[in-house]
C-alpha cells in the first residue's frame, strides 16, 4: 500500500512525457466504462439492440458462460451442507438440518479472534513483502545489461517455486536450527548474538520467518508477470527520456514503474480479496506448540476441526465465511481503485 | 467474418467432444474389467474384483504376486488392488456420495462412516454358508465384531489364533538408552525412572567434553503422542491411547492433568535446568529428530520402535561396519517406582474398528467370502507370512520354522516383499492376528518366531543379551496382563463428535503448555502447571472419560460373552 | 533477433560512475540471490543421490556423501511411471493450449469497452475466484457429466483460469487502441481481430500465462486422486510419484493411525526413506517443467515488435 501512493503522482508525470498515442490506454478505461450505465432513455430495447449488434462478441462469450455456470455456479448447492450435519450417505433432503451450528462453532471458539489475527497478519505481511520484492527484483533484472546473465538469474531465481513446502520447510528448519543452523552461526560470527536463538520457538518471530520464507520461495516466480508487463512498455519512451537527459533512476521511476502499474493494481485488488487465504502448508510444517499463538491460522483451524475429523460441514461453513469476507474486501478495494481513478478489476 | 468465427467455434466444440470421447473409451475399457468378472457365475471362471486399501502402497493385481497367484490358482479370484494416495475422508466421501464402491474395502479411520452409510453388506449368513474357516478364526470374537444391529460388517485383522506369543524384540514403546552408557555402568539392571536418569547424568558428568545430549523428545505435528504417552507407560500401563483404564474398577482416566504427567514434565524440567535436555525437542521436525538420534550424541529418549526405525537402521549399519555397538540403543522397561509392574509389551489386542469389508457394490460377494475363507487355512497363513518352504523359509529337524541369513535379507527387501506379495497379504486381509501360533507351535508371523529374531542378532547384540542373562530383548519386560478391552484406542469415536473435539482441544492445550513447563524456570513450574490444569479442566474431560468407561465396560461384557 | 533488441537501452549509453556502481551492486546482489535460490535445489539433488540410510544423519548440503543411484532406481522401478509421464505431457500440452486460447478469448470479449455484457461477464468470472461449492458437489457433478475415468477431467473443469483471463485482459487493454481500430476499418470482424491482431500482439502475456497453466497442469495430482485414481492408464507422473512417496512413508510408518503401526512393526528394514524419496521425486518431477522456462523466455521480448507495428 505504502508503495502505491508515491507512484500516483509519478504516473501523471510519466503520462505527460509520453507520446500522445500511448496515453490512450490509460484514459480509455475511464471514458468507456460507463457503457452499461449510460443507457439512452429507450432503455431495454436499446440494450437488446446493442446485444444484437454485438452478436459476435456475445457468441464468443456464451460457451464460456455456460462452462462457468456448470462448473463453478452449479456446485454451489453444496453450500447447503454448511447448515447440516452432513453425512455423505444420505440424500440432500434427508440430511439433518442444524442451522448455524457450524458457524457458531467456528465463531465462538475461544481462539477464533487469535486465529483471525494471525491469518490477517500473515496475509498482509506476505502481500506487502510479496509485491515489493517482486517489483524491485523485476526492475533490477530489467537493469541488467548482460542478456545471458539476466536469463540465468531469472531461471535460477524461480527454482525454489518448484520445491514443495515439505522440502522447503525442512531446509528452513535446518537453517534456523539452534545447533549449527546457518542463521545462528552467521549471527554468532558477526557477534550480533551471544548464544543461538531458538527461532521457531519464539512466537514473535514466526510471521517474519514466514514472510521471508515466502519471499525466498516465490519472489523469482512472482517477477515473471512484471517482466512480461515490461515488454509492453514502448522502448521509444526510454529513448526519449534519455535524450531529455533523464538518469537511470528517473527512467525507472517515470517509465518502468508506471508501466507496471496497471498489472500491479489488478493483482493487488485480486490479492486483497484473498486476504483470508494465508495458506496452510508452511504454517503447518513450521508451526509447533511454542509458536502456536502466532502460527495457527484459519486454514489450520479448519484442517484440524474440519478436514481431519471428516467434518465436511465445518469446512464448507468456513469456506462460506471466507467467501463473504473476500467479496467485501474485493468490492471495497475495487471501489477505492475506482475512486482514485486507477485501473480496476471490473 | 462470421463464417470464420463459426468454423473456429466448431473446432473448439469438436476438440472438446473429441477429448470427451477419447476419455469415454478409456472409461469403458476400464469399467469392463471388474464387470466382466462379476457376471460370470461359473466357479472355475476367473474373476477380478476391485479392492481398495486406505493405506499407501503400490497398486497391483494380486495375481501379479507370487502368493496372490497361488491364491488365484486355488480360487480363480484376482483382485485389482488400489491404495490411497490423498486424504482418506475425501476419498471415502466420494465413494459414499456416489454410492459406488470398490468390491472390497479396507478402511482406516473412516470405517465408521462407511458402516454408517450402509456401504458394507452383512456377512453373517455368508460366513455360515461359505466360510467355515472364517467362523473358526473369528467366532471367539463375534460379540466384539457385531454392530448394534447384530450384523457383522467387516472382518477385523487381529483375531489371535492359538497360543499368544509376544514379540521377541521391542516393537513398541520403551525408554531407550545408549549402549555405551550401560557398558560403562557395568550393565546394571535398572527399573525406575530415577535410576535411568541417574545413569544418563553420571555419563554426561564423566564425559563433559563430548557435547552430549542427555535426553531428547519427539513432539512434531502428529507425533506429539510420543511425549504425552510416556507418563502412562511410566505408571505401568500399556498404550491404551492417552488414557488409563483401572485394572480393578475398569474406570477410564485421562491422566493429562494427573501427577504422573506432572512428574514426567518436572523431571524433564530438571534435566533442562541441568542442561541435559535438548530444547530443540520442541521445534525440531521429524528429520531433525532422527538425525540427532543417528548422531550418537543423544543418550536417552522415549519413543516407539517403529518411529525411530530409520535411525536404528543407520546405527545398526555403522555398528556392523565397525563392530562397535556403543552408539546403538537398548530398550528398557522403565517405571516410576520399584513396586510398579511394567506393561510395555502389548497384550493380545483385538482391534475391532479396523477390518476388511465387502461393499454393496460387489456383484458376487459369495466368491469373495470363499476367497477370504480360503485365506484362513493354516497352510495359506504360512504362505502369506512365511512364504514357500526352502525358498523364503526353512524347517529344522524339530519342525521349527526359521530363516537363513540370505532368506532374512531377501524377505526384508522392499522390492521382494512387493513382488512376492508379503507386503500385501501379511496384513490387509482376513488373517490370523499378530501373536497367533500354529498348532505345531510355530509362530504365524515370522517376526515373532524366536529363531528368526535370533538369526538377526549381531555379535554385540548377543554379548549384550548375555550380560543381562536373557535370550531376547523382550525378556527384560514383564509379561502383559490380560486386558479384554485392549486397546482402548480402538473404541470407535464418531468423527466430529464432542469426544473427538475434546481430544483435539486437549492436544492443542498440551502442545502449548508442555514446552512452557519443560523449559520454565523451576520456580515457575508449579504456577504454569496450575494454569494448564485450570485450562484443561474447562474442557469436557468427564464426558470423554465416561464415554470410554462405558465403551470399555461394553467391550469387557462382549468379550465375556454376555 | 531477440538478442539485439532485447535491451533497448543497452546501446550507446553514457555510463556515469553512479551507473557503474549501480551495475556492480546489482550484479553482486543477483549473485547472492542465485546462491540463495539455487541452494534448495542443489541440496535436494544431493539428497536424492545420497544413500537413504546415510541421509538420516543429516548434514547433506551441496554434495552427496555416499553416492548412490538407489533412490532413482526405486522411483523408476515402476513401469507405470513412463505411461504416467506420457499422460502428464499430454495433459500439459493439450490443457495449456486449450486453456490459454479460451482464456484469451474471454479476455478479449471483456476487454471490449463497448461490449454490453462486459461488466456482467467480468463479474461472473471474477467472483468464482473466491468461492467453491466444495469437494463433494464437484465430484458429483463430474460423475453426472460422465467424465469420471476420462482424460477430459484434466482439461475441461479447469478450462478457464480467471486469474489468467484478468492478466490477459489488462494486457489487451494496454494495446494501443489505434491498432484495433484500424483492423475494424479494414472490415475485420471481432473474431478475426482477435485471431489476427490481438493474439499475435499478446505473445508475451500468452507466454506468461502458458507458463502458469503448464506448471499447474504438470503439478496437479488432486484431480487424478479424486476422479481417476482407479484408472491406472490415466494416471499422471505427479500422482505416481505421490504414490511412491506415500508408499515409502507407510513402510517407514507415519504412525498417525495406531492400527497401521501393527502392520509394519513386523516388517523389516528398508533401503529407502521418505526423505530421500521426496528429494528424488522433487527432482524427477520438476526438472522437465523447469526446462520449459528458458524456451519461453525468448517470447518475453517479442513485445518489442510492438513499436514496429505502431510506427
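Using the three backbone atoms N, Cα and C, a Cβ is placed for every residue, glycine included.
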- Examine the ranges C:21-42, C:43-64 and name the one recorded by TrEMBL as transmembrane segment. C:21-42
- Residues flagged as transmembrane segment in TrEMBL, choosing from C:2-20, C:154-172: C:154-172
- Task: Examine the ranges C:193-215, C:216-238 and name the one recorded by TrEMBL as transmembrane segment.
- Result: C:193-215
- Item | C:257-276, C:277-296 - the range that TrEMBL marks as transmembrane segment | C:277-296
- Message: Considering only Cβ pairs within less than 8 angstroms, which of the stretches C:81-108, C:120-142, C:277-296 has the most against the transmembrane segment (C:154-172)?
- Response: C:81-108
- Outside the transmembrane segment (C:277-296), six or more residues from its ends: residues with CB under 8 Å to it: 44-45, 47-48, 52, 71-72, 74-75, 92, 207, 210-211, 214-215, 218-219, 237-238, 241, 244-245, 248
